[in-house]
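K.L.:
To start, I am sharing the structure in question, which I have written as structure tokens.
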Amino acid sequence: MIFSQGASPLKGDFSRIKFSIASPESILAHSRGEVLKPETINYRTFKPERDGLMCEKIFGPTKDWECYCGKYKRVRYKGIICDRCGVEVTTKSVRRERMGHISLAVPVVHTWFFRSVPSKIGALLDLSTKELERIIYYEVYVVINPGEPGEKQGIKKLDRLTEEQYFQIITEYEDNQDLDDTDSAKFVAKMGGEAIHMLLKSIDLNETAVTLRKVLRESSSEQKRADALKRLKVVESFRKSYEPQKKTRKKPGGLFPEDEIPEPYVYEGNKPEYMVMEVVPVIPPELRPLVPLEGGRFATSDLNDLYRRVIIRNNRLKKLIDIRAPEVILRNEKRMLQEAVDALFDNSRKANAVKTGESNRPLKSLSDALKGKQGRFRQNLLGKRVDYSGRSVIVVGPELKLHECGLPKSMAIELFQPFVIRRLVERGIAKSVKSAKKLIDKKDPIVWDVLEKVIDGRPVLLNRAPTLHRLGIQAFQPVLIEGKAIQIHPLVCTAFNADFDGDQMAVHVPLSQEAQLEASLLMLSSHNLILPQSGKPVTVPSQDMVLGMYYLTKSRSGEEGEGRIFYDSEDVLIAYNEQRVGLHAQIFVCFNGLVDQKFDPLRVLETVIDEKSEKYGWLRSQLEQKKMLLTTVGRVIFNQHVPESIGFINRVIDKKVAKELIGRLSSEVGNVETAKFLDNIKEVGFHYAMKGGLSVGLSDAIVPETKVRHIKSAQKDSTKVVKEYNRGTLTDNERYNQIVDVWQKTSNIVAEESYQKLKKDRDGFNPLYMMLDSGARGSREQVRQLTGMRGLIARPQKSMSGQPGEIIENPIISNLKEGLTVLEYFISTHGARKGLSDTSLKTADAGYLTRRLHDVAQDVIVTIDDCGTTRGLHVYRNIEEETSGQIKFREKIRGRVAARDIYDTLNNNVVVKAGEIITDELADLVQDTAGVEEAEIRSVLTCESKVGICSKCYGTNLSVHKLVEIGEAVGVIAAQSIGEPGTQLTLRTFHQGGTAQGGISETETKAFNEGVLEFEDVKTVEHSSINEDGVEDLRTIVIQKNGKINIVDPESGKVLKRYVIPHGAHLHCRPGNAVKKDQVLFSSEPNSTQIIAETPGSVRFADIEKGVTYKEEVDPQTGFAQHTIINWRSKLRANETREPRIMIIDASGEIRKTYPVPIKSNLYVEDGQKVLPGDIIAKVPRNLDRVGGDITAGLPKVTELFEARIPSDPAIVSEIDGYVSFGSQRRSSKEIKVKNDFGEEKIYYVQVGKHVLANEGDEVKAGDPMTDGAVSPQDILRIQGPNAVQQYLVNEIQKVYQINAGVEINDKHLEVIVRQMLQKVRVEEPGDTELLPGDLIDRSAFIEANENIAEKVRVTDKGDAPARIQDGQLCKMRDIAKLNRELRKNSKKLVVIEPTLQATSHPVLLGITSAALQTESVISAASFQETTKVLTDAAVAGKIDNLLGLKENVIVGKLIPAGTGLKRYRTIRLTGDTQKQAAVAEAVAAPDKEIEGHGI
């Protein structure tokens, strides 16, 4: 494949790259000579052999400016070709560019085009790969021209003949062979590459395309149409590769451009016969080097061996042809040549790959050099090694400013050496470069002074691998230090995810002025305080700093100086320095500004000052008038560093408060002030952490005395569960789940009590509690293990299916302070090892997810300001989500542009105008305005920009709180924002020691807040039963599915919280009841779905037979028989149907209700038993995912969603709104019908035994699942459309990150990725466009194809029109109108036309891997996966890569089209002249118009 013309590829400026199949002429045009010998170098002289694979005559000299024989040496002979050895005198670097060629004795088929799936050659010739293989490898003859003998024998073109058949025809029609080869009467049949070459040459692409399109239109056979379509795709690819090229020729004797005569357009493109090679290109020798080792041996590239095989076999074949060897020997040699060339191009695809002699590994062919992680694309083009860089271990630099890093002198002098040398020579300290180097080597003191001046104002870039997001590389101002380790500021550790246990970092020096400027303005660490993924601060104090600030701002009663009154903060500091007042003393300070406090000072006043005191009344009035402040000395010290505009922070500063404060500072006072504040609180934090002398001792871990009581109670409860199981009222699964629940609850109670115990210890100054409460280190989970009980341990299993046995049901009762027994220690090792193994295994999964995300979104760049769309995304206030800790309404709209006015429905006021950016203040206002239930916001999901996206649809750049700028690479930011937490969280697993978390299946649901109850669709029955103590137990049981309870504000009527009540729940309240917070509303059985009787009557079993549809399991411990429905489908005889169901029959024998019983159900009634409403008939066990707590469980789920995979057992979803009814039953499936009021009916077939959620007569909406199982995203797209599936994917992925990991990712990042998944449409009917049915194309390309034919019409009868007009032709309407006017004038027959048919399509949801491979850019797709396939398809179609994305520009070595690399910035010129400025402005504005429509 030739990428560009000219002797040196890819030099100079180019804007796009075309891929095509190299013709023999283009290979020869690039070649500098033919390689005739297989030798590489002479083993005696070590010089390249003439005409060999390393020949200097062909590829250029091995030494700069010196020919092979040594006649010409030195640069003055540049360009001369030596008359003795024929070598051109030039630089040795040409050996990286100059190519050679091998002329083959016979044509050879290129393996890529023959072995690719589907085979390109096979599609053109309509031959299967197997048949092609037999022809290519000289096993059978193929008929090229049947001629007269063929007609007589009934042989057609492309028929395969054996050797006997071929010779029989040749001998029978001997005279026929004397005819000329061009004579159509001559019988021609050949084998091998030559035959394929002749066949491909004879193909008429236009005629083939017409024939195939006819088959597509007219054939009724599906198979024929599918085959025709497959072939047509390849034919159309070849036809598309033809592009008109303007050619000119010179006048005879003309020399100048004006003497050129334009010729008619010449069509140049891929010809099918180019897939068969007559000439093989030989790549430059420096790209397949031969390196001498010690001991006279050589290391060589595998390609040299592969080329040698080709040359040896080719030369042998030429000799055999010359001596007219027998056909059998020739044929064998030709086959071997074909195999040698196959191995050269793609050795890995063959079963019998060519292997090396010593290590017996397959040789790396040209294809292997391109693909995979070690291939050319990923190893050398996307990831290069960088000069002016170094790496070293990092240590903390607590005295550094936020924008500084400590750079070891020895490292700095190496990195900045050229600059130091220049400065030394300029200042006359050294006479020459050589003497300057000597000064540096001697480490002369003056060198350090010069180095200081050189690095002043020159930032360096620090990078820590793995670079998971853009904050993994930041710029710092270097400070020279002694030692060998790099020092970094403690606050940037979070961004780099660095710690000081031996981590290393790399330093890079930006060289050019522009690079230094960008590093200082964009990448300086003090400008990167906000995380792009969520808009939250990243430079948040941690560990010692937090502990110091927490200790400083905490109050303690009884401290010296408590209750004193101070005039201002200066007085407080003087008193503290004089030791008249304690650090934690509660004091009063006169203050009149803004105060941020969360407590009521009037309540606290009584604890500080005695009510009877004379000061009490005055202080109270001062506090009420807000002229006085009740605070602590420590808080006064802390507030010395807080900017005045923020006010006085009168709170205990823990990590959360610090994070909020830094976020506020960043948006209100800017980065400069925030950076100062951060440096100050770093000093304060470290200082007071040291002053407090906070460390943990064994006595600080306090075990609560109540622990023993709780454990005894839990043991009693679990014994009770076992008794119930023994009585047979519980299944083994339920017993397991309930025991796990008992211990989970107990563990949590003990944890809470031990936490409270720590809190009360030493007035809250217990060091362990302080570390925990401040957020400095540790979690409640770890305190539970230290002072409570270790609790339940997860059994390490890769599957997260929730099968019983995921959690070991015997808990570890001891805690780490008391110490574990041997058995407990042994059980613990499970979890600890799981953590360690997960870390290594799952990191790779997360890294691969990041790579796929990156590849799919890398070309999403903000290209225009506003796409002008009128569509937006509807965001609703969801009460259920907001109270369960999911993303709030304000977070969803923050930083977006309103698509329409947002109204307060209670008073009809406009809260936010359309087109306005929803700032933090506006988002808070919307959240707090009760009347705003929904908002329509601009979103990238609805952006209509043709290339990239527009800044209005994206909204604000989260890291700078401003509308995103044109040129921002938002796709890459999105991929990093999603990938980084995935990787981080897998690494965090092992800190928990593998204890089971989450998992409590809450059986009681309590009211979240006060209010009045309102019921929606709640249908209940009253049920009475006798409990264990013989007392009647009356219960209200819910029998309706998806009923809801709302808690309503009695004054405004606004719904405060909504609960969905599970089927079978016990209600503890009534509609209209007033409820208090934490009052129990209902309780439910979490471990199973219950089938409940809704009417009284007798039970009758249908199709429930022992040993056929259910099995009886007698529990060995209890002797109780449990009846479980089994998978009975395999036991059915032919045409036999069964469906286990339980019917309820009234006294008259009429069936009142039928309940289908799914597989795995446990039966709770006997045949003929009497039941009452509310009785449990059967239970279907539910799988609970109990091992939560880290994203490891969630990562496969995220991958499944991003890959848009269909779940293994998907739910059947209704396609229309309507009512459910059940139809007839076949052998193993039954019908579910949904019929609407308009008579439309849809029928679904459900496997018998699958749990059906809908009942007879239930109303369902389009998109509602009717059976259990996960809903397939493909179904949502098909039924509810693209908007619904986009929302579904974004919400589901957010759930995994939010619930499993508590990670905040802004919706807009997920939207960018989901947008890329829905970019393509599949053509259904091509109409009159040039598209093909089944084509997968960009939505914008589809719209364009339809627009192109919108103004055209189809000619149905050409009438008396000229010959250029044909029936069936598409012409412009105005041209036909003009022609008809002419025809009418001349009284001729008019042209009859009809309107063109538009193409139709449907949207397609692609997984991120498929979407990345379907990208418009060939280079980007090839560097991602399936390199050879992508390049083969691109070459056949003559695809053009317009270099619009980032990846393809990095690969070809150009500036990326993002940020300052945008086209519009490349034309900027700097000038001081105002007239020139106006001219420049005009020139720059002109190309901008073009940019408007096309993005970049």
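The backbone N, Cα and C atoms fix where each Cβ goes, glycine too.
Heads up, here are the entries from Swiss-Prot:
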BINDING   Cys67, Cys69, Cys82, Cys85  Zn(2+) 1 binding site
BINDING   Asp499, Asp501, Asp503  Mg(2+) binding site
BINDING   Cys867, Cys943, Cys950, Cys953  Zn(2+) 2 binding site
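Buried or exposed, and what's around them? Tell me for each listed feature.
P.N.:
Mapped onto three states, the DSSP output places Cys85 (Zn(2+) 1 binding site) in coil.
Counting only same-chain residues at least 6 apart in sequence, those with a Cβ under 8 Å from the Cβ of Asp503 (Mg(2+) binding site) are Val393, Ile394, Arg464.
A 10 Å cutoff on Cβ-Cβ distances gives Cys867 (Zn(2+) 2 binding site) a total of 18 other Cβ atoms nearby, all chains included. Reduced to three states, the DSSP call for Cys867 (Zn(2+) 2 binding site) is coil.
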K.L.:
Quick one: among the binding-site residues Cys67, Cys82, Cys943, Cys953, which has the most Cβ atoms sitting within 10 Å of its own Cβ?
P.N.:
Cys953
K.L.:
Could you round the CA separation between Cys67 (Zn(2+) 1 binding site) and Asp501 (Mg(2+) binding site) to a whole angstrom and send it over?
P.N.:
56
K.L.:
Take the C-alpha atoms of Cys950 (Zn(2+) 2 binding site) and Asp499 (Mg(2+) binding site) and report the distance between them in angstrom, rounded.
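P.N.:
So the Cα of Asp499 (Mg(2+) binding site) lies 39 Å away from that of Cys950 (Zn(2+) 2 binding site).
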K.L.:
Sorry to bug you, but what's the C-alpha spacing from Cys85 (Zn(2+) 1 binding site) to Cys943 (Zn(2+) 2 binding site), rounded to the closest Å?
P.N.:
65
K.L.:
Per DSSP, to which secondary structure element type does Cys953 (Zn(2+) 2 binding site) belong, with helix, strand and coil as the options?
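P.N.:
Looking at the DSSP assignment, Cys953 (Zn(2+) 2 binding site) belongs to a helix.
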K.L.:
What does DSSP say about Cys69 (Zn(2+) 1 binding site): helix, strand or coil?
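P.N.:
In three-state terms, Cys69 (Zn(2+) 1 binding site) counts as coil.
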K.L.:
Tell me which residues of the chain lie with their Cβ under 8 angstroms from that of Asp501 (Mg(2+) binding site), as long as they are six or more apart in sequence?
P.N.:
none
K.L.:
Do me a favour and check the Cα-Cα span between Asp499 (Mg(2+) binding site) and Cys953 (Zn(2+) 2 binding site); whole Å is fine.
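P.N.:
Asp499 (Mg(2+) binding site) to Cys953 (Zn(2+) 2 binding site), Cα-Cα distance: 39 Å.
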K.L.:
For the binding-site residues Cys69, Cys85, Cys950, which Cβ has the most other Cβ atoms within 10 Å, all shown protein chains included?
P.N.:
Cys950
K.L.:
Taking the mean position of the Cβ atoms of Cys67, Cys69, Cys82, Cys85 as the Zn(2+) 1 site, which residues outside that list, in the same chain, have a Cβ no more than 8 Å away, listed in sequence order?
P.N.:
Glu56, Tyr68, Gly70, Lys71, Tyr72, Asp83, Arg84, Gly86, Val87
K.L.:
Same chain, not part of Cys867, Cys943, Cys950, Cys953: whose C-beta falls within 8 angstroms of the C-beta centre of the Zn(2+) 2 site? Give them in sequence order.
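P.N.:
The surrounding set, listed in chain order, is Ile864, Asp866, Thr869, Arg938, Val940, Thr942, Glu944, Ser945, Ile949, Ser951, Lys952, Tyr954.
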K.L.:
How big is the gap, in Å, between the Cα of Cys82 (Zn(2+) 1 binding site) and that of Cys953 (Zn(2+) 2 binding site), rounded to a whole number?
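P.N.:
Taking the Cα atoms only, Cys82 (Zn(2+) 1 binding site) lies 65 Å from Cys953 (Zn(2+) 2 binding site).
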